[in-house]
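This report refers to the structure that appears directly beneath it.
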Amino acid sequence: MAPIDPHSFTDSTHPLTTHVSLTLYFRFPSSTIHATALLALQTPHTGPLSLDTRALTIHKILDPATLTPLSFTLSPSEHPFKGRLLTVYLNNNSSVLILYSTSPSSSALQWLSPPQTSKKIHPFVYTQCHPIHTRSVFPCQDTPAARVCYSAKLNLPRELSAVMSARHCDRHDPVGTDLDGVLTNEESGFDLKSLWCEEGRIVEEFVMEQPIPPYLFAFAVGELGFREVGPRTRVYSEAVDGVLDAAAREFAGTEEMIRQAESLFGEYEWERFDLLVLPPSFPYGGMENPRIVFLTPTVIKGDASGAQMVAHELAHSWTGNLITNKNNEHFWLNEGFTTYAERRIVEVVQGEDIAALTIGNGWRGLNEEVERFKDNMEYTKLKNNQEGVDPDDMYSRVPYEKGFQFLWRIEHQIGRPAFDEFLKKYIATFKFKSIDTGIFLDFLKANVHGIEKDIDLQLWTEGTGIPPDAHEPVSNLYMKITSLSNDFKLGRIPREDEVASWKGQEWELYLKNLPRAVEPSQVMT
(Lines of atoms letter the chains of each structure in order from A and count residues from 1; the text may use other names and numbers.)
(Lines give C-alpha, C1' and ligand atoms only; values in the text may rest on other atoms or scores of the structure.)
Protein backbone atom coordinates (compact mmCIF):
# COMPACT_ATOMS: atom_id res chain seq x y z
CA MET A 1 0.00 0.00 0.00
CA ALA A 2 1.20 3.50 -0.87
CA PRO A 3 -0.96 5.84 1.27
CA ILE A 4 -1.47 9.46 0.22
CA ASP A 5 -3.02 10.60 3.49
CA PRO A 6 -2.13 9.59 7.08
CA HIS A 7 -5.87 9.52 7.90
CA SER A 8 -7.08 7.35 5.02
CA PHE A 9 -6.61 3.86 3.60
CA THR A 10 -6.64 5.36 0.07
CA ASP A 11 -3.79 3.91 -2.02
CA SER A 12 -1.94 6.19 -4.44
CA THR A 13 -1.58 3.32 -6.93
CA HIS A 14 -5.37 2.95 -7.24
CA PRO A 15 -7.58 5.16 -9.43
CA LEU A 16 -9.46 7.87 -7.55
CA THR A 17 -13.25 8.10 -7.46
CA THR A 18 -14.64 10.91 -9.63
CA HIS A 19 -18.40 10.56 -9.02
CA VAL A 20 -20.67 9.03 -6.39
CA SER A 21 -24.40 8.29 -6.91
CA LEU A 22 -26.29 7.66 -3.68
CA THR A 23 -29.73 6.39 -2.77
CA LEU A 24 -30.44 6.93 0.92
CA TYR A 25 -33.47 5.57 2.79
CA PHE A 26 -33.78 7.24 6.22
CA ARG A 27 -35.10 5.04 9.01
CA PHE A 28 -35.53 7.33 11.97
CA PRO A 29 -36.81 4.76 14.53
CA SER A 30 -33.52 2.84 14.26
CA SER A 31 -31.26 5.85 13.50
CA THR A 32 -29.98 4.15 10.38
CA ILE A 33 -29.82 4.70 6.63
CA HIS A 34 -30.24 1.83 4.14
CA ALA A 35 -28.35 2.85 1.07
CA THR A 36 -26.51 2.19 -2.16
CA ALA A 37 -23.39 3.95 -3.39
CA LEU A 38 -22.30 3.79 -7.02
CA LEU A 39 -18.64 4.84 -7.27
CA ALA A 40 -17.23 5.80 -10.67
CA LEU A 41 -13.44 5.60 -11.04
CA GLN A 42 -11.00 7.68 -13.09
CA THR A 43 -9.93 4.63 -15.10
CA PRO A 44 -10.81 0.91 -15.27
CA HIS A 45 -8.93 -1.03 -12.63
CA THR A 46 -7.89 -4.61 -12.07
CA GLY A 47 -6.88 -5.72 -8.60
CA PRO A 48 -7.72 -4.43 -5.12
CA LEU A 49 -9.39 -1.07 -4.52
CA SER A 50 -9.04 0.35 -1.00
CA LEU A 51 -11.92 2.29 0.54
CA ASP A 52 -12.50 3.88 3.95
CA THR A 53 -15.46 2.84 6.10
CA ARG A 54 -16.54 3.29 9.70
CA ALA A 55 -19.51 1.67 11.45
CA LEU A 56 -21.04 0.48 8.15
CA THR A 57 -22.63 -2.89 7.39
CA ILE A 58 -21.65 -3.94 3.86
CA HIS A 59 -24.37 -6.20 2.41
CA LYS A 60 -23.13 -6.75 -1.14
CA ILE A 61 -20.84 -5.22 -3.73
CA LEU A 62 -21.79 -5.59 -7.40
CA ASP A 63 -20.51 -4.85 -10.87
CA PRO A 64 -23.14 -2.25 -11.87
CA ALA A 65 -22.96 -3.25 -15.53
CA THR A 66 -23.93 -6.89 -14.92
CA LEU A 67 -25.16 -6.84 -11.28
CA THR A 68 -22.84 -9.78 -10.59
CA PRO A 69 -21.17 -9.89 -7.17
CA LEU A 70 -17.64 -8.61 -6.67
CA SER A 71 -15.39 -10.12 -4.01
CA PHE A 72 -14.53 -7.91 -1.06
CA THR A 73 -13.04 -8.05 2.40
CA LEU A 74 -13.50 -5.85 5.45
CA SER A 75 -10.65 -5.62 7.93
CA PRO A 76 -11.59 -7.61 11.05
CA SER A 77 -10.66 -4.87 13.51
CA GLU A 78 -11.26 -1.14 13.52
CA HIS A 79 -8.39 1.31 13.42
CA PRO A 80 -8.70 3.85 16.26
CA PHE A 81 -9.52 6.72 13.87
CA LYS A 82 -9.32 5.40 10.30
CA GLY A 83 -12.15 2.89 10.79
CA ARG A 84 -12.14 -0.32 8.76
CA LEU A 85 -10.48 -0.94 5.42
CA LEU A 86 -12.87 -2.16 2.72
CA THR A 87 -11.02 -3.89 -0.12
CA VAL A 88 -12.94 -4.58 -3.33
CA TYR A 89 -11.39 -6.86 -5.95
CA LEU A 90 -11.91 -5.57 -9.48
CA ASN A 91 -11.43 -7.04 -12.94
CA ASN A 92 -11.18 -4.16 -15.40
CA ASN A 93 -14.04 -2.39 -13.62
CA SER A 94 -14.56 1.37 -13.89
CA SER A 95 -17.31 1.49 -11.26
CA VAL A 96 -18.60 -0.42 -8.24
CA LEU A 97 -22.05 -0.60 -6.61
CA ILE A 98 -22.08 -0.99 -2.83
CA LEU A 99 -25.19 -1.98 -0.87
CA TYR A 100 -24.83 -1.06 2.79
CA SER A 101 -26.42 0.33 5.94
CA THR A 102 -25.18 2.91 8.43
CA SER A 103 -25.33 2.31 12.16
CA PRO A 104 -26.60 4.46 15.04
CA SER A 105 -22.96 4.95 16.06
CA SER A 106 -22.02 6.69 12.80
CA SER A 107 -19.60 9.44 13.78
CA ALA A 108 -20.92 11.80 11.08
CA LEU A 109 -24.63 11.48 11.82
CA GLN A 110 -26.39 13.30 14.64
CA TRP A 111 -29.88 11.86 15.11
CA LEU A 112 -32.31 13.91 17.22
CA SER A 113 -35.51 12.44 18.59
CA PRO A 114 -38.62 14.69 18.60
CA PRO A 115 -38.12 15.82 22.23
CA GLN A 116 -34.65 17.09 21.24
CA THR A 117 -36.07 19.45 18.59
CA SER A 118 -37.65 22.87 19.00
CA LYS A 119 -41.24 21.85 18.22
CA LYS A 120 -40.86 18.34 19.70
CA ILE A 121 -43.03 16.77 16.99
CA HIS A 122 -40.69 15.35 14.33
CA PRO A 123 -37.16 13.90 14.39
CA PHE A 124 -34.10 15.56 12.86
CA VAL A 125 -30.75 14.37 11.50
CA TYR A 126 -27.71 16.20 10.21
CA THR A 127 -24.15 15.41 9.18
CA GLN A 128 -20.77 16.68 10.32
CA CYS A 129 -18.27 14.94 8.03
CA HIS A 130 -15.19 17.06 8.61
CA PRO A 131 -12.44 16.02 8.87
CA ILE A 132 -12.66 12.23 8.29
CA HIS A 133 -16.23 11.16 9.01
CA THR A 134 -17.75 10.83 5.52
CA ARG A 135 -16.64 7.19 5.64
CA SER A 136 -19.36 6.60 8.25
CA VAL A 137 -22.04 7.75 5.77
CA PHE A 138 -20.85 5.87 2.67
CA PRO A 139 -17.72 3.90 1.66
CA CYS A 140 -15.28 6.23 -0.06
CA GLN A 141 -11.71 7.39 -0.49
CA ASP A 142 -12.09 9.75 2.45
CA THR A 143 -9.24 12.11 1.73
CA PRO A 144 -9.31 15.69 0.42
CA ALA A 145 -7.01 14.50 -2.38
CA ALA A 146 -9.97 12.60 -3.91
CA ARG A 147 -12.39 15.31 -5.06
CA VAL A 148 -15.75 13.97 -6.27
CA CYS A 149 -18.99 15.10 -7.85
CA TYR A 150 -22.13 13.43 -6.53
CA SER A 151 -25.85 12.93 -6.95
CA ALA A 152 -28.24 11.77 -4.26
CA LYS A 153 -31.82 10.59 -3.81
CA LEU A 154 -33.05 10.88 -0.23
CA ASN A 155 -36.15 8.94 0.78
CA LEU A 156 -37.77 10.62 3.81
CA PRO A 157 -40.99 10.71 5.78
CA ARG A 158 -43.32 12.98 3.79
CA GLU A 159 -43.69 15.59 6.55
CA LEU A 160 -39.94 16.29 6.47
CA SER A 161 -37.68 17.99 3.95
CA ALA A 162 -33.97 17.97 3.20
CA VAL A 163 -31.12 20.31 2.32
CA MET A 164 -27.70 19.27 1.00
CA SER A 165 -24.36 20.66 -0.07
CA ALA A 166 -25.70 20.26 -3.61
CA ARG A 167 -28.28 21.71 -5.99
CA HIS A 168 -31.87 20.67 -5.25
CA CYS A 169 -33.43 19.10 -8.36
CA ASP A 170 -36.79 17.62 -7.43
CA ARG A 171 -39.21 16.52 -4.71
CA HIS A 172 -41.56 13.74 -5.76
CA ASP A 173 -43.41 10.65 -4.64
CA PRO A 174 -41.18 7.58 -4.54
CA VAL A 175 -41.41 5.31 -7.58
CA GLY A 176 -39.66 2.10 -8.47
CA THR A 177 -37.77 3.78 -11.30
CA ASP A 178 -35.86 5.81 -8.69
CA LEU A 179 -33.80 2.64 -8.25
CA ASP A 180 -33.44 1.68 -11.92
CA GLY A 181 -29.94 0.54 -12.69
CA VAL A 182 -29.15 0.34 -9.01
CA LEU A 183 -30.46 -2.99 -7.76
CA THR A 184 -33.38 -5.37 -7.63
CA ASN A 185 -34.96 -6.83 -4.52
CA GLU A 186 -33.16 -10.14 -4.94
CA GLU A 187 -29.74 -8.55 -5.16
CA SER A 188 -29.92 -6.45 -2.03
CA GLY A 189 -29.17 -7.54 1.50
CA PHE A 190 -32.46 -5.85 2.46
CA ASP A 191 -35.66 -5.22 0.54
CA LEU A 192 -34.92 -1.61 -0.39
CA LYS A 193 -37.38 -1.50 -3.30
CA SER A 194 -40.24 -2.45 -1.03
CA LEU A 195 -39.16 0.08 1.61
CA TRP A 196 -38.63 2.79 -1.01
CA CYS A 197 -42.28 2.93 -2.11
CA GLU A 198 -43.89 2.72 1.33
CA GLU A 199 -46.84 5.00 2.06
CA GLY A 200 -46.03 8.33 3.64
CA ARG A 201 -42.62 8.76 2.00
CA ILE A 202 -41.16 11.45 -0.28
CA VAL A 203 -37.99 11.59 -2.37
CA GLU A 204 -35.71 14.64 -2.58
CA GLU A 205 -33.09 14.71 -5.36
CA PHE A 206 -29.83 16.66 -5.38
CA VAL A 207 -26.77 16.98 -7.59
CA MET A 208 -23.30 18.45 -7.00
CA GLU A 209 -21.66 18.99 -10.37
CA GLN A 210 -18.41 20.52 -9.08
CA PRO A 211 -15.73 18.27 -7.56
CA ILE A 212 -15.50 18.67 -3.78
CA PRO A 213 -13.44 16.94 -1.09
CA PRO A 214 -15.49 14.22 0.65
CA TYR A 215 -15.58 16.08 3.98
CA LEU A 216 -17.85 18.71 2.35
CA PHE A 217 -20.61 16.13 1.77
CA ALA A 218 -23.49 17.29 3.96
CA PHE A 219 -27.23 17.02 4.50
CA ALA A 220 -29.86 17.83 7.08
CA VAL A 221 -33.35 16.34 7.30
CA GLY A 222 -36.17 17.60 9.48
CA GLU A 223 -39.16 19.89 9.60
CA LEU A 224 -37.42 22.83 7.96
CA GLY A 225 -38.55 26.37 7.16
CA PHE A 226 -36.75 29.21 5.46
CA ARG A 227 -36.65 32.94 4.85
CA GLU A 228 -35.30 34.69 1.76
CA VAL A 229 -32.57 37.17 2.69
CA GLY A 230 -31.01 37.85 -0.73
CA PRO A 231 -30.95 36.82 -4.38
CA ARG A 232 -28.51 34.00 -3.61
CA THR A 233 -29.34 33.28 0.01
CA ARG A 234 -32.04 31.62 2.05
CA VAL A 235 -31.78 31.10 5.79
CA TYR A 236 -33.08 27.69 6.89
CA SER A 237 -33.76 26.33 10.36
CA GLU A 238 -36.31 24.21 12.12
CA ALA A 239 -39.73 25.59 11.17
CA VAL A 240 -39.97 27.94 14.15
CA ASP A 241 -40.96 31.50 13.22
CA GLY A 242 -38.97 33.12 16.02
CA VAL A 243 -35.72 31.40 15.01
CA LEU A 244 -36.24 32.04 11.30
CA ASP A 245 -37.08 35.71 11.78
CA ALA A 246 -34.13 36.30 14.11
CA ALA A 247 -31.77 34.52 11.69
CA ALA A 248 -33.10 36.55 8.75
CA ARG A 249 -32.40 39.79 10.63
CA GLU A 250 -28.95 38.65 11.75
CA PHE A 251 -27.84 37.71 8.24
CA ALA A 252 -29.64 40.39 6.22
CA GLY A 253 -26.32 41.75 4.96
CA THR A 254 -25.12 38.48 3.42
CA GLU A 255 -25.50 39.54 -0.23
CA GLU A 256 -23.34 42.60 0.36
CA MET A 257 -20.66 40.35 1.84
CA ILE A 258 -20.80 38.05 -1.19
CA ARG A 259 -20.41 41.00 -3.56
CA GLN A 260 -17.47 42.39 -1.61
CA ALA A 261 -15.83 38.95 -1.47
CA GLU A 262 -16.21 38.62 -5.24
CA SER A 263 -14.45 41.95 -5.73
CA LEU A 264 -11.55 40.65 -3.63
CA PHE A 265 -11.25 37.01 -4.73
CA GLY A 266 -13.10 36.58 -8.02
CA GLU A 267 -16.43 35.13 -9.06
CA TYR A 268 -18.46 33.11 -6.54
CA GLU A 269 -18.46 29.64 -8.15
CA TRP A 270 -21.18 27.85 -6.17
CA GLU A 271 -24.39 29.61 -7.37
CA ARG A 272 -26.16 29.59 -3.97
CA PHE A 273 -24.94 30.64 -0.53
CA ASP A 274 -27.67 29.39 1.79
CA LEU A 275 -27.41 29.18 5.57
CA LEU A 276 -28.82 26.50 7.88
CA VAL A 277 -29.14 27.30 11.57
CA LEU A 278 -28.96 23.91 13.26
CA PRO A 279 -30.24 22.76 16.65
CA PRO A 280 -28.00 23.56 19.65
CA SER A 281 -26.29 20.15 19.53
CA PHE A 282 -24.28 21.21 16.46
CA PRO A 283 -20.68 20.97 17.76
CA TYR A 284 -19.04 23.80 15.79
CA GLY A 285 -19.55 27.49 15.19
CA GLY A 286 -19.97 26.90 11.49
CA MET A 287 -19.22 24.41 8.73
CA GLU A 288 -18.47 25.66 5.23
CA ASN A 289 -20.42 23.12 3.19
CA PRO A 290 -20.71 24.41 -0.39
CA ARG A 291 -24.07 25.98 -1.28
CA ILE A 292 -25.32 25.65 2.31
CA VAL A 293 -23.32 26.66 5.37
CA PHE A 294 -24.21 24.98 8.67
CA LEU A 295 -24.29 27.33 11.68
CA THR A 296 -24.76 27.06 15.42
CA PRO A 297 -27.78 28.99 16.77
CA THR A 298 -25.43 30.84 19.14
CA VAL A 299 -24.31 33.09 16.24
CA ILE A 300 -27.74 34.76 16.34
CA LYS A 301 -26.94 37.56 18.78
CA GLY A 302 -29.44 40.18 17.70
CA ASP A 303 -26.82 42.78 16.75
CA ALA A 304 -25.62 41.37 13.38
CA SER A 305 -22.24 40.50 14.92
CA GLY A 306 -22.85 36.89 13.92
CA ALA A 307 -22.00 38.07 10.42
CA GLN A 308 -18.32 37.55 11.26
CA MET A 309 -18.89 33.79 11.42
CA VAL A 310 -20.73 33.97 8.10
CA ALA A 311 -17.81 35.94 6.63
CA HIS A 312 -15.45 33.11 7.60
CA GLU A 313 -17.63 30.41 6.07
CA LEU A 314 -18.18 32.56 2.96
CA ALA A 315 -14.43 33.00 2.57
CA HIS A 316 -14.12 29.21 2.50
CA SER A 317 -16.00 29.30 -0.80
CA TRP A 318 -12.67 30.32 -2.33
CA THR A 319 -10.07 29.02 0.13
CA GLY A 320 -10.88 25.54 1.38
CA ASN A 321 -13.76 24.58 -0.90
CA LEU A 322 -12.37 25.84 -4.21
CA ILE A 323 -8.73 25.15 -3.29
CA THR A 324 -8.31 22.43 -0.68
CA ASN A 325 -5.47 21.08 1.43
CA LYS A 326 -4.31 17.72 0.07
CA ASN A 327 -4.52 16.24 3.56
CA ASN A 328 -4.83 17.51 7.12
CA GLU A 329 -1.06 17.96 7.52
CA HIS A 330 -1.53 21.07 5.35
CA PHE A 331 -4.73 22.26 7.06
CA TRP A 332 -3.38 25.81 7.27
CA LEU A 333 -3.90 26.12 3.50
CA ASN A 334 -7.64 25.91 4.23
CA GLU A 335 -7.89 27.84 7.46
CA GLY A 336 -5.01 30.31 7.33
CA PHE A 337 -6.11 31.56 3.92
CA THR A 338 -9.75 31.62 5.00
CA THR A 339 -8.98 33.58 8.17
CA TYR A 340 -7.07 36.12 6.07
CA ALA A 341 -9.93 36.30 3.53
CA GLU A 342 -12.55 36.60 6.29
CA ARG A 343 -10.76 39.59 7.80
CA ARG A 344 -10.49 41.29 4.43
CA ILE A 345 -14.26 40.89 4.01
CA VAL A 346 -14.90 42.18 7.55
CA GLU A 347 -12.64 45.17 6.90
CA VAL A 348 -14.65 46.19 3.85
CA VAL A 349 -18.09 45.52 5.33
CA GLN A 350 -17.61 46.48 9.01
CA GLY A 351 -14.53 48.70 8.97
CA GLU A 352 -10.82 48.57 9.79
CA ASP A 353 -11.34 48.82 13.55
CA ILE A 354 -13.54 45.72 13.69
CA ALA A 355 -11.10 43.83 11.46
CA ALA A 356 -8.30 44.80 13.84
CA LEU A 357 -10.34 43.45 16.77
CA THR A 358 -10.68 40.07 15.10
CA ILE A 359 -6.94 40.03 14.42
CA GLY A 360 -6.31 40.93 18.05
CA ASN A 361 -8.57 38.16 19.31
CA GLY A 362 -6.77 35.76 16.99
CA TRP A 363 -3.34 36.94 18.18
CA ARG A 364 -4.34 36.29 21.77
CA GLY A 365 -5.68 32.86 20.80
CA LEU A 366 -2.49 31.94 18.94
CA ASN A 367 -0.32 32.75 21.93
CA GLU A 368 -2.59 30.67 24.17
CA GLU A 369 -2.39 27.70 21.78
CA VAL A 370 1.41 27.83 21.61
CA GLU A 371 1.47 27.76 25.41
CA ARG A 372 -0.99 24.84 25.43
CA PHE A 373 1.23 22.82 23.12
CA LYS A 374 4.53 23.62 24.86
CA ASP A 375 5.08 19.89 25.45
CA ASN A 376 4.28 18.96 21.83
CA MET A 377 5.55 21.79 19.65
CA GLU A 378 5.00 19.74 16.49
CA TYR A 379 1.39 20.90 16.72
CA THR A 380 2.50 24.54 16.43
CA LYS A 381 3.92 24.03 12.93
CA LEU A 382 1.90 25.00 9.86
CA LYS A 383 3.11 21.91 7.98
CA ASN A 384 3.19 19.14 10.55
CA ASN A 385 3.46 15.39 10.89
CA GLN A 386 0.12 13.75 11.73
CA GLU A 387 1.09 10.12 11.22
CA GLY A 388 -0.75 8.10 13.86
CA VAL A 389 -2.68 11.15 15.11
CA ASP A 390 -6.46 11.58 15.01
CA PRO A 391 -7.03 14.98 13.34
CA ASP A 392 -9.88 15.69 15.75
CA ASP A 393 -7.42 15.38 18.65
CA MET A 394 -5.00 18.00 17.37
CA TYR A 395 -7.54 20.60 16.27
CA SER A 396 -6.47 24.08 17.37
CA ARG A 397 -6.35 27.75 16.34
CA VAL A 398 -2.73 27.40 15.15
CA PRO A 399 -3.47 26.73 11.45
CA TYR A 400 -6.00 29.57 11.49
CA GLU A 401 -3.99 32.25 13.25
CA LYS A 402 -0.39 31.33 12.43
CA GLY A 403 -1.52 30.78 8.84
CA PHE A 404 -3.15 34.21 8.87
CA GLN A 405 -0.01 35.79 10.31
CA PHE A 406 2.11 34.20 7.54
CA LEU A 407 -0.08 35.59 4.78
CA TRP A 408 -0.32 38.97 6.54
CA ARG A 409 3.47 39.01 6.69
CA ILE A 410 3.68 38.42 2.93
CA GLU A 411 1.12 41.19 2.33
CA HIS A 412 3.16 43.62 4.44
CA GLN A 413 6.31 42.68 2.57
CA ILE A 414 5.04 43.15 -0.99
CA GLY A 415 2.14 45.55 -0.41
CA ARG A 416 -1.58 44.96 -0.54
CA PRO A 417 -2.11 45.65 -4.29
CA ALA A 418 0.58 43.13 -5.26
CA PHE A 419 -0.70 40.58 -2.75
CA ASP A 420 -4.28 40.98 -4.01
CA GLU A 421 -3.06 40.29 -7.54
CA PHE A 422 -1.15 37.24 -6.32
CA LEU A 423 -4.17 35.94 -4.38
CA LYS A 424 -6.51 36.15 -7.38
CA LYS A 425 -3.95 34.37 -9.56
CA TYR A 426 -3.49 31.67 -6.91
CA ILE A 427 -7.23 31.03 -6.73
CA ALA A 428 -7.65 30.98 -10.52
CA THR A 429 -4.70 28.60 -10.94
CA PHE A 430 -5.64 25.99 -8.36
CA LYS A 431 -9.45 26.13 -8.20
CA PHE A 432 -11.10 22.71 -7.86
CA LYS A 433 -7.73 21.20 -6.95
CA SER A 434 -6.19 19.85 -3.76
CA ILE A 435 -2.63 21.00 -3.03
CA ASP A 436 0.05 20.85 -0.35
CA THR A 437 2.38 23.38 1.24
CA GLY A 438 5.20 22.66 -1.20
CA ILE A 439 2.97 23.47 -4.19
CA PHE A 440 1.93 26.73 -2.57
CA LEU A 441 5.51 27.77 -1.78
CA ASP A 442 6.68 26.95 -5.30
CA PHE A 443 3.85 29.09 -6.70
CA LEU A 444 4.67 31.89 -4.27
CA LYS A 445 8.35 31.95 -5.22
CA ALA A 446 7.55 31.77 -8.94
CA ASN A 447 5.15 34.72 -8.74
CA VAL A 448 6.76 36.90 -6.05
CA HIS A 449 10.38 36.96 -7.08
CA GLY A 450 12.88 37.05 -4.23
CA ILE A 451 10.29 36.53 -1.49
CA GLU A 452 12.41 33.74 0.02
CA LYS A 453 15.18 36.32 0.64
CA ASP A 454 12.85 38.66 2.53
CA ILE A 455 10.85 36.10 4.53
CA ASP A 456 12.10 32.85 6.04
CA LEU A 457 9.50 30.62 4.37
CA GLN A 458 10.85 27.44 5.95
CA LEU A 459 10.74 28.93 9.44
CA TRP A 460 7.14 30.04 8.91
CA THR A 461 5.87 26.72 7.52
CA GLU A 462 8.04 24.14 9.31
CA GLY A 463 9.24 25.97 12.39
CA THR A 464 7.61 25.70 15.81
CA GLY A 465 6.03 28.49 17.80
CA ILE A 466 5.48 32.07 16.59
CA PRO A 467 8.10 33.56 14.24
CA PRO A 468 9.71 36.80 15.42
CA ASP A 469 8.30 38.78 12.49
CA ALA A 470 4.67 38.01 13.43
CA HIS A 471 2.88 40.88 15.15
CA GLU A 472 -0.35 41.99 16.78
CA PRO A 473 -2.56 44.60 15.13
CA VAL A 474 -2.47 48.35 15.67
CA SER A 475 -5.66 50.42 15.77
CA ASN A 476 -7.12 53.02 18.10
CA LEU A 477 -10.06 50.83 19.16
CA TYR A 478 -7.83 47.79 19.69
CA MET A 479 -5.41 49.77 21.83
CA LYS A 480 -8.26 51.33 23.83
CA ILE A 481 -9.79 47.94 24.70
CA THR A 482 -6.49 46.29 25.61
CA SER A 483 -5.67 49.35 27.73
CA LEU A 484 -8.97 48.97 29.58
CA SER A 485 -8.15 45.30 30.16
CA ASN A 486 -4.83 46.33 31.68
CA ASP A 487 -6.63 48.92 33.84
CA PHE A 488 -8.77 46.13 35.27
CA LYS A 489 -5.62 44.58 36.70
CA LEU A 490 -5.11 47.86 38.55
CA GLY A 491 -8.64 47.75 39.93
CA ARG A 492 -10.44 50.03 37.43
CA ILE A 493 -13.70 48.83 35.87
CA PRO A 494 -14.72 50.51 32.57
CA ARG A 495 -17.35 53.22 32.87
CA GLU A 496 -20.73 52.59 31.31
CA ASP A 497 -20.19 55.26 28.66
CA GLU A 498 -16.89 53.59 27.63
CA VAL A 499 -18.59 50.31 26.75
CA ALA A 500 -22.05 51.47 25.63
CA SER A 501 -21.35 50.84 21.94
CA TRP A 502 -19.53 47.55 22.39
CA LYS A 503 -20.72 44.40 20.60
CA GLY A 504 -19.50 40.84 20.62
CA GLN A 505 -16.01 41.39 19.21
CA GLU A 506 -15.20 44.22 21.64
CA TRP A 507 -16.32 42.25 24.69
CA GLU A 508 -14.49 39.15 23.47
CA LEU A 509 -11.21 41.05 23.19
CA TYR A 510 -11.68 42.72 26.57
CA LEU A 511 -12.51 39.49 28.38
CA LYS A 512 -9.72 37.52 26.70
CA ASN A 513 -7.19 40.02 28.03
CA LEU A 514 -8.37 39.89 31.63
CA PRO A 515 -6.41 37.83 34.17
CA ARG A 516 -7.39 34.17 34.27
CA ALA A 517 -8.00 34.39 38.02
CA VAL A 518 -10.38 37.15 39.14
CA GLU A 519 -11.55 37.85 42.68
CA PRO A 520 -15.35 38.11 43.18
CA SER A 521 -14.90 41.62 44.58
CA GLN A 522 -13.36 42.72 41.26
CA VAL A 523 -16.51 41.99 39.26
CA MET A 524 -19.21 42.86 41.80
CA THR A 525 -21.11 46.07 41.20
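Yeah, the Cβs are placed from backbone N, Cα and C, and that goes for glycine too.
Please treat TrEMBL annotations as automatic predictions, because they have not gone through curation.
Copied from TrEMBL, the annotated features are:
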| type | residues | note |
| --- | --- | --- |
| DOMAIN | 19-163 | domain 'Aminopeptidase N-like N-terminal' |
| DOMAIN | 254-448 | domain 'Peptidase M1 membrane alanine aminopeptidase' |
| BINDING | His312, His316, Glu335 | Zn(2+) binding site |
| ACT_SITE | Glu313 | active site, proton acceptor |
| ACT_SITE | Tyr400 | active site, proton donor |
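Feature map: TrEMBL annotations on the structure.
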residue : record                       : CB count, 10 Å
His312  : Zn(2+) binding site          : 24
Glu313  : active site, proton acceptor : 23
His316  : Zn(2+) binding site          : 24
Glu335  : Zn(2+) binding site          : 24
Tyr400  : active site, proton donor    : 24
Taking the domain 'Aminopeptidase N-like N-terminal' (19-163) alone, what is its mean pLDDT?
97
Near-site residues: Zn(2+), ref His312, His316, Glu335, CB cutoff 8 A to centroid:
Glu288, Glu313, Ala315, Thr319, Gly320, Asn334, Thr338, Thr339, Ala341, Glu342, Tyr400
What Cα-Cα separation, expressed in whole Å, is found between Tyr400 (active site, proton donor) and Glu313 (active site, proton acceptor)?
13
Can you tell me how far the Cα of Glu313 (active site, proton acceptor) sits from the Cα of Glu335 (Zn(2+) binding site), in Å?
10
Please list, for the domain 'Aminopeptidase N-like N-terminal' (19-163), how many residues fall into helix, strand and coil according to DSSP.
9 helix, 85 strand, 51 coil
